[in-house]
Structures are given as C-alpha cells and as structure tokens.
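Features as listed in TrEMBL:
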type: DOMAIN; residues: 43-150; note: domain 'Calponin-homology (CH)'
type: DOMAIN; residues: 209-316; note: domain 'Calponin-homology (CH)'
type: REGION; residues: 17-37; note: region 'Disordered'
Amino acid sequence: MELESLYDLLQLPKGVEPPAEKLPQGGKKKYLPPTSRKDPRFEALQKVLIEWINATLLPEHIVVRSLEEDMFDGLILHHLFQKLAALKLEAEDIALTAASQRHKLTVVLEAVNRSLQLEERQAKWSVETIFNKDLLSTLHLLVALAKRFQPDLSLPTNVQVEVITIESTKSGLKSEKSMEQLTECSTDKDQPPKDIFDELFKLAPEKVNAVKEAIVNFVNQKLDRLGLSVQNLDTQFADGVILLLLIGQLEGFFLHLKEFYLTPNSPAEMLHNVTLALELLKEEDLLSCPVSPEDIVNKDAKSTLRVLYGLFCKHRQKAHRDATPQGAPN
C-alpha cells in the first residue's frame, strides 16, 4: 500500500505519522477513522458508559472524562471492578511507572475475565490493547461489565462502526474494512421472559414478606436435621455456606470441606462458595433466570429469592407427589 493511500484510508492530516508504520511484520491493528468516531450512536454509547462509571464511582470522587485516555492504566478499572464485584483485588492502588501500570492492568483483567467466565483468547480485549488506549477494546470491555453487573443499564442498541484493519506483511501494508458490532440488536423476540420476582417487587411489594416467610419455613424444615436455622433470608445466604448445605441436603450432593469455605473470612471466599452453589443449581436446571454470584454476596433480596425459589418449587412439588395416594385423581 502506498503511504499516500494509507493517509487517505485513515483520513489522517498531512504531517501526522500513520501509526500503522510502526507495526512489526505480521502485526495487525484496528483503526477507527474519524467518520466512525463521529457516528451518533457510537458517541451515545460512550456517553452512557461514562455516566454509568461516574455514577458508580461517585462515592470515591472519581471522574472519567475520556474512555480512551482515562482507562488505560488500570486505576479506574481497578476501582470500578472492585465496586461492581464487591471484591478486593491484590493490586497496588497507585501505579506510577509503565511497568507497574501494566502489572496492575493484568491483575484487573484476569479478575474480570474470571468473573465473566471468559478465557483470554475469547475476550475482545487484552492487556496490550487496553494499555495502548484502543477505544474499541475498551468499549467491548465496559459493555461486557455493564451487561454482567448492571443488565438494566439502557445501552444504545445495535451500535456498529466501520473499522480498518491494517496488517504488516512482507510485501507491505494490507488493509481491510469491516463492521465492528459493539452492542446487540434489540427486538421483542430477543427480550428475556419477565422474571417473577421483578414483577412481584414491582406490582405486589406487600406480598414479598409472605413469600420470604414461606421459603424460610421450607428452608428451616430441610436444615433442621443439621441443627441449622435461618431467620433472615436477605443476609444469611450471602456467604454461600447455608446455600451449599441446603443444596447438599435436597439434591443429595456430598461436598468435601476442601471444596468450599465453611467459615469464609473475605468477600473472595464468600464469592467462591456462592459461585459453586450456582454451578450446582445450573447442573440440576434449577435456575430459571441468570443470577450473579456477586448479587448474592451483596445481599440482594431478589437474587437470593430467585435461587431459593427453584429449590422450593421442585421439592415442594416432590413432597406433594409423595404424599398423594397412588391412583388418586389429579
């Protein structure tokens, strides 16, 4: 590719060195031309994400003005992920050198990928791209975090922009145009089914306590043989211990003490327990709606009810069937 053509393709002013000129042989890099950056939906997506981050980190007096310039060193990502996931990461708060910033970013992204249950090769971001202020990678990362931890956040739908991929080959630079999808299309068909507890809390909040009481009575009947009882549904399941013991009783699982923390001493240990419990429930097809383990650890009443409701329905129906005489009418 001629240098003149590269300037025209990337819409660069004369005198500005094309970044692609620095690519090693075999290297690839995506670029956003100015027309893509000025796309109204692309700009709206950045605005929503910036406002979301600033609202989330308001108690810590952190303000983001540019996703491209403010996220690369891992500092704000560190604070944001800890706040969203209710976790304490083993990373230094202030990283001044490039090496320490890169290390901090590595720790944060490894934790993010674990939480999102992504392998490194599946992620649309990397330490290298985020550290090099790649706006596309940063947006993919933030959209994934928002969908995971705040699914009710109203992101602009069907945001896609034209990108140019430059590849350095033996014969010179090659370019390819493509469309990059940042948020999903939205149709009525794609909408998830209404969740019973969203409806309950919204339309009949006065009945929430009655539902809690019924589920607590059910739980205590099943835990009685272990000498355990639950008084507060909102708080006593946050560390995952009672939840795991309840699942073991109801589903016939034997959990070795090495598999979970019987007396968790940190949010990370609590999160381990709750994540294990949710995995067991998924295996038994007992989760009707996605539940974030972080929400359980954070004592979110709706999420805790969703988890217990699947067990409640299955085993109350089983008890009813066992108590019905054979041949009795339905």
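Heads up, the Cβ atoms here are built off N, Cα and C, so glycines get one too.
Nobody curates TrEMBL annotations by hand; they come from automatic prediction.
Across the domain 'Calponin-homology (CH)' (209-316), the DSSP tally of helix, strand and coil residues reads 74 helix, 0 strand, 34 coil. In the predicted model, the domain 'Calponin-homology (CH)' (209-316) has a mean pLDDT of 87. Residue counts for the domain 'Calponin-homology (CH)' (43-150) under DSSP, split into helix (H, G, I), strand (E, B) and coil, are 73 helix, 0 strand, 35 coil.
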